[in-house]
Amino acid sequence: MSPDVPLLNDYKQDFFLKRFPQTVLGGPRFKLGYCAPPYIYVNQIILFLMPWVWGGVGTLLYQLGILKDYYTAALSGGLMLFTAFVIQFTSLYAKNKSTTVERILTTDILAEEDEHEFTSCTGAETVKFLIPGKKYVANTVFHSILAGLACGLGTWYLLPNRITLLYGSTGGTALLFFFGWMTLCIAEYSLIVNTATETATFQTQDTYEIIPLMRPLYIFFFVSVDLAHRFVVNMPALEHMNQILHILFVFLPFLWALGTLPPPDALLLWAMEQVLEFGLGGSSMSTHLRLLVMFIMSAGTAIASYFIPSTVGVVLFMTGFGFLLSLNLSDMGHKIGTKSKDLPSGPEKHFSWKECLFYIIILVLALLETSLLHHFAGFSQISKSNSQAIVGYGLMILLIILWILREIQSVYIIGIFRNPFYPKDVQTVTVFFEKQTRLMKIGIVRRILLTLVSPFAMIAFLSLDSSLQGLHSVSVCIGFTRAFRMVWQNTENALLETVIVSTVHLISSTDIWWNRSLDTGLRLLLVGIIRDRLIQFISKLQFAVTVLLTSWTEKKQRRKTTATLCILNIVFSPFVLVIIVFSTLLSSPLLPLFTLPVFLVGFPRPIQSWPGAAGTTACVCADTVYYYQMVPRLTAVLQTAMAAGSLGLLLPGSHYLGRFQDRLMWIMILECGYTYCSINIKGLELQETSCHTAEARRVDEVFEDAFEQEYTRVCSLNEHFGNVLTPCTVLPVKLYSDARNVLSGIIDSHENLKEFKGDLIKVLVWILVQYCSKRPGMKENVHNTENKGKAPLMLPALNTLPPPKSPEDIDSLNSETFNDWSDDNIFDDEPTIKKVIEEKHQLKDLPGTNLFIPGSVESQRVGDHSTGTVPENDLYKAVLLGYPAVDKGKQEDMPYIPLMEFSCSHSHLVCLPAEWRTSCMPSSKMKEMSSLFPEDWYQFVLRQLECYHSEEKASNVLEEIAKDKVLKDFYVHTVMTCYFSLFGIDNMAPSPGHILRVYGGVLPWSVALDWLTEKPELFQLALKAFRYTLKLMIDKASLGPIEDFRELIKYLEEYERDWYIGLVSDEKWKEAILQEKPYLFSLGYDSNMGIYTGRVLSLQELLIQVGKLNPEAVRGQWANLSWELLYATNDDEERYSIQAHPLLLRNLTVQAAEPPLGYPIYSSKPLHIHLY
């Protein structure tokens, strides 16, 4: 990668310079890129200043004492409401009057770039350009009303006398009045005239026109605080807040332009998550619907607890609902309902009831403990001697033990020091299991302590608190509702918070504000917020330092401006630190602009970073099937690893990266609760691009240093500490390993190719015999033929030959076939299967269809005598309608189909279908090729059949079938015709190019080609035999020659049972992977290196390496990606921000984003993992 790849290409730079001023001003377009009449700019200025004009009228009347403040607000609001309706109806009139096609009202770059032809100041095209209008009539009315309210309340908010009362400064009042009205005009223009494209874009499409509401929403928030201050007296805090917000009000345009303030939809979801997690003790949820439902239920629980009069009742209510809301109730209900319908009896249903019984017992014990401790224990102020202090000491010990047991499970302790207890040099599953046994036992102990011991210990601590003894207040209800919920929802964090609160209380004086003014519930709430923000701050700081340092230390990342940016970051480091702190307080991503060390505060958004539900979209391709097979097994193994603590502390928003060969799995935790965790797994594309390969190579290096090296020192350091990826553990998963071998020395060997032809006939015989013996209805008729005294007559299959081809058919067939066999295509990696004349001869399939040949004598068909009264001698006449015209002197070479009779009454059980017994080759050619038929192999295969239940009769019957000459002749005819179709006219050894083509389903032209392709089932069997033979040739070259027929059958049975041999592009290839065939094989050709390759997939238990990613690095890069693509429209595939970065894993992070911004090839729906 060149370090000076442009951040934005010339076109996008020009586009950005036109769009950004429009965003700053709220919608006016003063930089168009083409010449426009002056009235275009004048009209926009008038529309922009219109709210200020009406607000100025009201303000002037108020200052002159003519109107009171609320009448002033009403007057300005009414005038603006009338103006808004006029503006909107003018837009509607222009649309109806215009004869041009109305443009689509979406974010369309091309539409923004179109040049408009303006005819007059008030022309339809001018009005449509200035006022695009609304998509929905409801929004036309609603937005107009909001515009009137915003103008009226804004006038009231910015009255000079009011501002002077707040600050007592005339100069400050003038500045706030001027810039405040600029802010108000920007918001009004965006709402009612033309909506600007916001830098804070959450949704890819604004379907319901929510974006215009963004700026007025913040206007209303600021005004609401001022109104509260007006009507609520004696609240100094509210007055200070109002003063601060009046100052911030003038900076709103800059916050809107920088994208710091979220749009309404993102703000709502973010606010619900924050309140649910820190105010109500819950967790962020896997879907927006679950978030809404859980938020309502949790808020209802907190409110209901306030109205319970009994203190014991309050404690029991909080304990019970805290436990129940921390469970995955929806999944449990769905599972029980599904099993009651689909699995009425089975171990899985019993397991679900055991699970429910376990939860009921835990709930009963928790309620019993809470009530007993609350009722009987003494409630004195906490001290070192009372019972709550004793429980606090126990919690400290428990926290230390759990931390040690968790860190032992990972390869690195706190991500820095090598864990001496973790297995070293783990490369195979067997070695891993041998060395991991002790750690798994420790993991079980940890899980018991975390799931059973810790919650009850914390419930004891909370139940003994004196705050619950007296009359409960709002703060007590909120704090303890959260505390009793956190005990179950996030046990490890709750334990840490409880220990901190207990420790601070024990070591500090009782007279300080912390102990005197706050109850235990509020202390826990504040400690929880501080804990979360401190972890975020450390992660953000580490991310910022990594971006800053690598921009200089990594040569491929160093640009001409890097030195300047580094110096500026050092000089303004306090300001950069303020940005990081502000981003941490808002819990919003730290946005590195273009992933350079230029940091901005991204707008707050949900923890998932994307508006849609996880797993709804993915860029599906041929490689997706590997993830479909792997994810269920990976999920099962993750359950054990998460329960043991191998992946560290499980928090919503955590990201993990799994690696195996060329596969990369991106794992994100969506939701956590008591004994469950919800995750999303994404599969990234296999290594193709150079950027992807470079970062994947660095991931391999990080994992190799962690898992595949012997360390001499006991506690060595993590050499890749600055990387966003920290190795955690390895997971044994049953999946496909991908091996690619060079076959050039085998497939082009003359001796191997010579043996190939003979082996092909044997494999054809075996496959056809196996197919016929296992056809539906064959085994059911085994006993029906034993009582028959006479062998059945075998009528020739008449009227099954293809009708004469038209010249167009012949030309089409020849051109397609010879194009496939041209020299340009012999090196294709996977020749495509040509479905030749599949629908060409549909007429022949119609019952009773006879084609009349001009000049011929019409013969009577056997099928015409439906009554069955056919003279016996007529049955022996072969009707050969449909054959090409030939010379009379050469008619002895034409095929003749006599009526035949099996010598064995059981032969029809392995007889070929009637349509396969038709002839298409001259008799002389068939006799010539019949000498190649291996009769001894044919008889051996028949004797090996297992189609009889009576073993004493089986050998005799199979011997009779093997000696049936008529049956053998049928097999000779069909096998040799297939053989002739696969190899063409030449009887020489095939070339490697020929092998590759036929393997791909492209057969050479021959007189038998049509005959074979018209029988799709037989065609597939012949192709299958050819592929089996190729695999047999490779195995013989690798493992040695085959000694006897039994060993050959062993090979073929293994292919049939354990292998799929075909093309990667086949649908059956994907089906075989999903069915978990043990092995898959495909033949290919590398045209760059000129070698033949074999690809073998082997299903086996192998180790997947898993590491934890810095969550703030992921969120920051995703925030930049969203800004670049949705606002700057920087979709250049070679842009700087998508290039490989070995420490930030920038390219992989972009891939893992939700489509359409990212492009994972697989994305699972939320997967619920049970942690017990």
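Note that Cβ sites are derived from N, Cα and C of the backbone, with glycine treated the same way.
The following features are taken from Swiss-Prot:
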type: TRANSMEM; residues: 45-65; note: transmembrane segment
type: TRANSMEM; residues: 73-93; note: transmembrane segment
type: TRANSMEM; residues: 173-193; note: transmembrane segment
type: TRANSMEM; residues: 208-228; note: transmembrane segment
type: TRANSMEM; residues: 244-264; note: transmembrane segment
type: TRANSMEM; residues: 307-327; note: transmembrane segment
type: TRANSMEM; residues: 357-377; note: transmembrane segment
type: TRANSMEM; residues: 388-405; note: transmembrane segment
type: TRANSMEM; residues: 448-468; note: transmembrane segment
type: TRANSMEM; residues: 565-585; note: transmembrane segment
type: TRANSMEM; residues: 607-629; note: transmembrane segment
type: TRANSMEM; residues: 634-654; note: transmembrane segment
type: CARBOHYD; residues: Asn1120; note: N-linked glycosylation site
type: CARBOHYD; residues: Asn1147; note: N-linked glycosylation site
Q: Measure from the CA atom of Asn1147 (N-linked glycosylation site) to the CA atom of Asn1120 (N-linked glycosylation site) and give the result in Å, rounded to a whole number.
A: 13
Q) Given the transmembrane segment (173-193), which of the listed stretches 45-65, 208-228, 244-264, 448-468, 565-585 has the most Cβ pairs that are under 8 Å apart from it? A) 244-264
Q: Quickly jot the same-chain residues contacting the transmembrane segment (73-93) by Cβ under 8 Å, restricted to those at least six beyond its ends, or write none.
A: 47, 50-51, 54-55, 57-59, 61, 67, 127-128, 131-134, 140, 143-145, 147-156, 188, 192-193
Q.
Take the C-beta pairs under 8 A between the transmembrane segment (307-327) and each of 208-228, 244-264, 448-468, 565-585. Which stretch has the highest count?
A. 448-468
Q) What else in the chain is close to the transmembrane segment (244-264), if you only count residues 6 or more beyond its ends and a Cβ gap under 8 Å? A) 20, 23-24, 26, 157, 163, 166-167, 175-176, 179-180, 182-183, 186-187, 198-203, 210-211, 213-215, 217-219, 222, 225-226, 270, 588, 591, 600-605, 1123, 1127
Q: Mind giving me a neighbour count for Asn1120 (N-linked glycosylation site)? Other Cβ atoms within 10 Å of its Cβ, every protein chain shown.
A: 24
Q. Non-local Cβ contacts of Asn1147 (N-linked glycosylation site) (under 8 Å, 6 or more apart, same chain)?
A. Thr689, Cys691, His692, Ala694, Glu695, Ile1138, Gln1139, Ala1140, His1141
